[in-house]
Each structure stands twice: as C-alpha cells, then as structure tokens.
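Trainee: Shown below is the structure under consideration.
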Amino acid sequence: MSRGTYGTFAGVSTPADSTSTGAMSYTTGVGRGNAKHSSLDSEPARGHDILKGDIVVGAIAGDEARQATEDEHNLSFRDAVRLYPSSIGWSVFFSLGIIMTAFDPQLLGNLYATPAFQRDMGYLYQGSWIISAPWQTGLGMGSPIGQVVGAFFAPYPMEKYGRKKTFGACVILTAAFIFIQFFARTLPVLVGELLGGLVLGTYATIAPTYASEASPVALRGVLTSYINLSFVMGQLIANGVIAGTSTLSDHWAYSGPFASQWIWCLVILVGWPFAPESPWFLIRKGRLDEAENALRRLASKKVDVKPAMAMMIETDRLEQELEAGTTYFDCFQKINRRRTEIAMGVYSIQVISGIYLVGYATYFFTLAGLPTDKAFDMSIGFLALGFVGTLCSWVLLQKFGRRTIYNTGLAALVVLLLVIGILDCVPGYTENAPLIWAQSSLMLVWNFCYGLSVGPVCFVILCEVSATKVRSKTIAVATATQALVGIVMTIAIPYLINPDQANARGKIGFFFGGLSALSLVWSFFRVPETKGRTYEELDIMFSRKVATRLFKEYHVE
C-alpha cells in the first residue's frame, strides 16, 4: 500500500500544499456550518446516484473521491492501528467519562450488601439490616433519570461549543457533586445522587459521538465498542473498591468509595487541555483550518488528511441535499426515522436483556444463598468475565458482521436466562448448594455472552446508523429511551428480588428471558449489517430504503 493510501480516513494522497482533491475543493472562512464545493457550483457531479423524482442524493465528486472510499474499505485494522494511534488514545480518553458513569450506580448497588452501609442507612428485618425497596428505588433513580435529562441536554452545548468543551465542563460539575455523596451520613442526603446522575448522563452521549467521529472505518467498530468496555471497567473497579472497604465498620466503608471518584476527575482535567476537537463538528461549523489540524493530530505524520477532509465535506453536503436537519425533530423525520428506531431499539435491548442486574450482582448472589464474602468474590468474577467478553468481541468484529454477532449473542442470552429461571424452580433449591453455585455460575456465563455481543456491538450499531448531522441527538434520543426503560427496571428489580417483597430470586430469569426473546424477533427483522460502510454509503443506503437483509451485499455505485 502506498503512503497516500495509508493515511486518510478516505485514503487518498494529494500534493502536500494542495487544498483541493480532484473535482472537489474546500475553502476556509466560509459561512457557519457550510463548505464551498467547486464541483457542485461549476460542473455536473460525476458518479452521482439518482432516486425517484430525479433527486440527486449522492455526488462523489471525481475519481479521487471514489478512490478514497475504496481505500477506506481496504485499510486493514493493523494498518489503521499503526497510522492512527492518537485517534485510539483520545477516543479512550473521552471514554473515561463512561467509567465514571458506570462506577457510581455500581458502587451504590454494592453498598446495599455492605454491613456498615446497611446499619447506618437501613432498618432491621427478621434480624438483618436491609435497605428498603422504596429507598433502593429512589437512590437508583439517579443514574437513569440523569441519563434522560443529561442525554437530552448534552447535544445543545456539544453542537454549539463542541465535544471537548462540553466534556470538560461536565467533569468539573461531576467533581463538585461528589462532595454531596462524600459527606452523606443519611439516606435523604444521598438524594444528591440525582444531581450527580444528571451530569453523568451526558457522558453516555459525548463518548460514543467523539469515538465515532475521530476514527476511520477500520477502527470504528473497536473504538465504539470500547464504550461497553469502559462501562465494564467502571463496574469492575467499583466492585474492587467495595471489596476492599466493605469490611470497615465505620462510615469509611462507603465514604471512601465515594471519594475515590475524584481520581477520575483529576486524570481527565489534567489531560483535557491537550485533547483535539471532533473534526466533524469543526467542518459543520465551517472551521476548516481547525478541522484539518484536528485530523492531523488524530493521525500519524504519514497520513495525508486532505482527502479525508474532502470526503467529510462531501458527506455533509450529501446530508444537506437529503434535507437531513440538525434538530431532535429531524431525528424522527422520514429520512431519519428508521435510523432512529434502530438506535433506540439496540440500546434499549441492553436493559431489556437484563443488564441492570449487574448493579445488583452482589446482592443477587447473597439472596441466592452465597455467603457475603463469596458473593463479593463472585460479583468481581462476574464483571471480569464481562471485561474478557468485550475484549473477545473485538476479534469477532473483525471477522463477522455486527448483525450476526448481535443476534447470535441475544439468542444465547435468552437460553441462559430461561435456564437460570428453571434452576430456581427445582424443589429444595435453597438447601441445595450445588444448584445455588450452578445458578450463580450461569450468571457469570450470561455476562460473558453479553460482553461478547449485545453489550459492545450495541454501541457500534448505534454510532453507525446515526446520520452525521444528527448523530449526537440520535445517540441522545437512544440514551434517553434506554434510560426510561431503565427507570422501569430500577423500580421493578428491588420489588422483584427483595426478600420482603416478591423474593423472586433466580425466577427473574423468566422475566428477562421472555423480554429478550421478543427483542430477538425485532432485531432479526430491523437491525441491518453496517460493517465496513462509510457514513456516506450508509446515508445513501438508508435513503434508498434498502431492506434489512440486503444491507450486507448491497453495492453503492
């Protein structure tokens, strides 16, 4: 592969001092959110695609631009890692916000099984201290409500001030709200969780948006699926922290874990000034010089970024021709409605398939009959397998399509959840230690399968089906929808598993197994294959209403 074909998101080499690519050119100092295209103004577009009514929806101006798309497809994962180390590094950096987002609710869920927290915050029930279901529900609302409000709010500053400035401001607010948690000694004070949750919800929109906009096609699957790994790491670290402090007999058993969240804020604020802005945001604002500089910072010195600029400008122009707006309303316009539905669906299935049980893992294992120390150990193993599963998913993403991995994994979750429910129905279950360990072990297998498929691939699909002009808002809508479903689960789970309520224990597998089965049917008919497609190709395919089953083999001229 030549030096020119290595380096661009589009992979085309141009002279170092040129500001044009083939028939396309871009100029600096254009109006806000616009870019000038000489090929569109002065000559007919070549290689154009025409829909019904003779509407031109895609114009790839010139042979170089077409070649750029081909080279994007031909860029291997190994070459992409070598040529875009900064893209990987900064995507990982922005995902630190996701670690904080996952750490907080996981921490809270594990505190319900911490003796000091139970004693200080709970009440006696049949000789044991527990936190009441209403309080568990109320405190657990911080994360899902925060995701709803934070997700809807985040795109406004993201589109006005950029991904970088929004990220920095949110981290400062998070650091401030941790003080409420740290000094809390009663449950009413811990309602400050709601305030912290409002900010934590923004990271679920910022991180995937930045990762999808800062990476070439070859890296997009891994870097967007890394969002799920960040969730797992946050949960795993929270479990590790709690395992280390749960034996303390005073308030440091829970104040210490709350204070540990400041470490993430410090790390982010130290590195934040050096982070590049998203080039897609800068292009839509007409700040082309800054966009080119951002692209250079995201790539190695071997990379010629000008063709990448040209292709990004061309994609933005195509979406303008398709009348793809930038408001929340535009997410539900005819041109984007199908894409928004898919984004909302795959993200909501994370909750429907049982992921909210992760936050109650330790508590679930104790209710299943394991000793408290063994329950903590099991919960760490539970999350560690999710971590390993997500790492393994990166290999699958290079070999198989998103649709195949997602649907196969979801089918496996259905089977595992139903088996977990069946084991709980065996007579004498509570007295049968092997059955208790078998059920708990199946929960570990379930989390591995989730981390291998539905968990990480959801973020890949979510980012790839979203149109670039409304990506942040589409992700926000999907995040808010997932959070609303999460609110329902946050209310339901404590009442389903608490011993003073339904005491369902493992039978909860029937509940989530049934919902997962319905989700599998929807996914089979609605989730298309997006592997290896540029954003421009996806714009064209969705505009042509290509059938779900035909996405994989469809050829865009």
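Glycine is no exception: its Cβ is also placed from the backbone N, Cα and C atoms.
According to TrEMBL, the protein carries these features:
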REGION    17-44  region 'Disordered'
COMPBIAS  17-28  compositional bias 'Polar residues'
TRANSMEM  83-103  transmembrane segment
DOMAIN    90-531  domain 'Major facilitator superfamily (MFS) profile'
TRANSMEM  123-154  transmembrane segment
TRANSMEM  166-184  transmembrane segment
TRANSMEM  190-210  transmembrane segment
TRANSMEM  217-238  transmembrane segment
TRANSMEM  258-275  transmembrane segment
TRANSMEM  342-366  transmembrane segment
TRANSMEM  378-397  transmembrane segment
TRANSMEM  404-423  transmembrane segment
TRANSMEM  443-463  transmembrane segment
TRANSMEM  475-496  transmembrane segment
TRANSMEM  508-525  transmembrane segment
Trainee: To what whole number does the mean pLDDT across the domain 'Major facilitator superfamily (MFS) profile' (90-531) round?
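Mentor: Value for the domain 'Major facilitator superfamily (MFS) profile' (90-531), mean pLDDT as a whole number: 85.
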Trainee: Could you name the stretch, out of 190-210, 404-423, 443-463, 475-496, with the greatest number of CB pairs under 8 A to the transmembrane segment (123-154)?
Mentor: 190-210
Trainee: Are there three or more C-beta pairs under 8 angstroms joining the transmembrane segment (217-238) and the transmembrane segment (83-103), sequence spacing 6 or more?
Mentor: yes
Trainee: Hey, which bits of the same chain come close to the transmembrane segment (190-210), Cβ under 8 Å, at least six residues off its ends?
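Mentor: Distant contacts of the transmembrane segment (190-210): 90-91, 94-95, 97-98, 100-101, 104, 108, 121, 138-139, 141-151, 153-155, 158, 163, 166-167, 170, 173-174, 177-178, 180-181, 184, 224, 227, 230, 278, 459, 462-463, 471-472, 475-476, 479, 483.
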Trainee: For the transmembrane segment (378-397) and the transmembrane segment (475-496), check the count of CB pairs under 8 Å (sequence separation 6 or more) and say whether it reaches 3 or more.
Mentor: no
Trainee: Using a Cβ distance cut-off of under 8 Å, indicate which of 258-275, 404-423, 443-463 has the most pairs with the transmembrane segment (166-184).
Mentor: 258-275
Trainee: Do at least three C-beta pairs under 8 angstroms join the transmembrane segment (217-238) to the transmembrane segment (475-496), pairs 6 or more apart in sequence?
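Mentor: When sequence-distant Cβ pairs are counted, the transmembrane segment (475-496) does not touch the transmembrane segment (217-238), since fewer than 3 lie under 8 Å.
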Trainee: State the residues, same chain only, that lie 6 or more residues beyond the ends of the transmembrane segment (443-463) and have a CB under 8 A from a CB inside it; answer 'none' if no residue qualifies.
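Mentor: Same-chain residues near the transmembrane segment (443-463) but 6 or more away: 208-209, 211-212, 220-221, 224-229, 231-232, 342-343, 346-347, 349-350, 353-355, 357-358, 361, 364-365, 378, 381-383, 385-390, 392-394, 396-397, 402, 405-406, 408-410, 412-413, 416-417, 420, 471, 474-475, 478, 527, 530.
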Trainee: Who are the long-range neighbours of the transmembrane segment (475-496) in its own chain, taking Cβ under 8 Å and residues 6 or more past its ends?
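Mentor: Those are 133, 136-137, 140-141, 143-148, 151-152, 154-155, 201, 204-205, 208-209, 328, 331, 340, 343-344, 346-348, 350-352, 356-357, 360, 462-463, 466, 502, 504, 508, 511, in sequence order.
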